[in-house]
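Asker: Below are the features listed in TrEMBL for this protein:
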type	residues	note
DOMAIN	A:5-195	domain 'Electron transfer flavoprotein alpha/beta-subunit N-terminal'
BINDING	A:Arg211, A:236-237, A:250-254, A:267-274, A:Asn288	FAD binding site
Amino acid sequence: MSKNVLVVVERRDGILRNVSFEVLTAAQQMTNGGEVIAVVFGQGNQDEAQQLAQHGADKVYIATNEELNAYSTDAFSQALTEVVQTVKPDVILVGHTAMGRDLAPRVAARLGLGLISDCTGVEVNGEEIVFIRPVYAGKLFQKKKVKEGIIFASIRPNNIVKGEPNAQRTANVIETQVTITDIRTIIKDVVKKTTGKLDLTEAKIIVSGGRGVKSAEGFNQLYELAEVLGAAVGASRAACDAGYCDYAMQVGQTGKVVTPDLYIACGISGAVQHLAGMSNSKIIVAINKDPEAPIFRVADYSIVGDLFEVVPLLIEEFKKVPV
Amino acid sequence: MKILVLLKQTFDTEEEIVLVNGQLNENGVKFVINPYDEYALEEAIAIKEKFGGEVTAVTVGPARAEAALRTALAVGVDKAIIVDDESLFGDEYTISKVLASVAKLDTYDLILGGHMAVDDGAAQVGPRLAEELAIPHISTITNLEIVDGKVKVEKDVEGDTEVIEVAMPVLVTAQQGLNEPRYPTLPGIMKAKKKTIERLTAADLNVNVGEILSKTEVLEQYLPPKKVAGKVLAGELNQQTSELVELLRNEAKVV
């Protein structure tokens, strides 16, 4: 049986997020002749619709209302509920981001649906859609399915490989005004700390520092390496607690869970809590003075040495043939 | 003010995961209060100390989860409820329905929970429960104040901060950074031992088990492939770094 898949699209700072394209790719695997319908909230534009079409959307549904220009739980859950009731999809997919985590369970409860969160993989076996998700901080994996009703899942960024855009593809664009009545929360202020920085959960490469970086100034070398690599910079809890950097950069069980292609751990000992946030990275490089540091047990490539010597050499080496 | 705290007992982070016939082994495992729920618990106690009121802690789980409630009582919770009824255990859909039926036994101004549990990591129950109770929720908060009867929070949005105001009743979920949870004191522990923990079942909650069955199903659980020992580079540091870059480019192909 064909399936219509509704993909909840997300923007960050006005730009479509990479995870939305990854989710579109996942959606395409599930349709079995049905349609992929992307839903965008707030003002839509032709350029966005085209990008979504090229990445797999057959229809682009733009739900407009002035309350949708910035995220609020109440506005977005009302809008998504209305869209689901209109589109009547068989599957709903959303990125497992701050927005997805806030919105999906609320809407699932409103519609009386099951929800499988934080999926890192999808298997389509005929009629059955099976989701793969890490639990116990990546120490165990589950295969899970929705037993009845609409299939609803959130997908962790950086795990499903986004398909190549197809310039030939186009989509029907449907713009519709949705009804939003009661917004109970008032946003008084937004303090942006991450503008212009690569999002850690979506970065392909992360350079990360721990207590061994010794100071906020010490992190400058890491920023320099990150710039050469086009990477984001992360940190261990110890480095954040010591005030070397903002908690927004923390990778770990508390903090962000990241799965980049390459994770370069500099001066990080590798406490269990840190490993929980990064051990599923595809390739891990560890640089540490202490040969006994637990981080070496999960590393694919290890350099036992002082990061203040190693990192400048690496910067030089990468600069020879730019990434 | 009446406050409800949602607690889940989870594996200690350091515990190794062992599967026996595809099932998670719990024998000999140390259990703790889910770290994010500890922030919720601390915040609830701090609010009570400042404004007065009553804090109730609730958990859904087997008898062993009582230990989490004893800890909660030891740090200052007034009432503790355990829903220890296997017919009510299920996925996030089921658990939030059960918690809603518990919450409806009283009238709470504020409900606090962790933003996710570190075992299952689903991050669903808070928002779901708020929806079941038709009250607003704010997730991943890092600060909470009560000003003129309104709740003012700072919400972490992937590193950015939103300052949000909302009227009570409201449900909030705790992110790391909200506070520094206290440890129970010896007198606290002694006093907690004497307190009663209320035990509820489907019959007490007037819940029709058949109507709240799980919507999802775990088909299989498996351990991730064991990480094979990586390469430890040798030689002068500059040789090691050039070898590393070569390996990242041509073997791992990640740059």
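Cβ coordinates come from backbone N, Cα and C, glycine included.
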Asker: My list of binding-site residues is A:Arg211, A:Gln253, A:Ile268, A:Ala271, A:His274; which of them have a Cβ under 8 Å from any chain B Cβ, in sequence order?
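Answerer: Of A:Arg211, A:Gln253, A:Ile268, A:Ala271, A:His274, the entries that lie near chain B are A:Gln253.
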Asker: CB neighbours of A:Ala271 (FAD binding site) within 10 A?
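Answerer: 19, counting other Cβ atoms within 10 Å of A:Ala271 (FAD binding site).
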Asker: In three-state terms from DSSP, label A:Ile268 (FAD binding site) for me.
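Answerer: In the DSSP reduction, A:Ile268 (FAD binding site) maps to coil.
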Asker: When you measure from the Cβ of A:Arg211 (FAD binding site), how many other Cβ atoms are you left with inside 10 Å?
Answerer: 16
Asker: In sequence order, what residues of the same chain, 6+ apart, have a Cβ less than 8 Å from the Cβ of A:Gln253 (FAD binding site)?
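Answerer: Listed in sequence order: A:Ala137, A:Val272, A:Gln273, A:His274, A:Ala276, A:Gly277.
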Asker: Per-residue pLDDT averaged over the domain 'Electron transfer flavoprotein alpha/beta-subunit N-terminal' (A:5-195) comes to what?
Answerer: 95
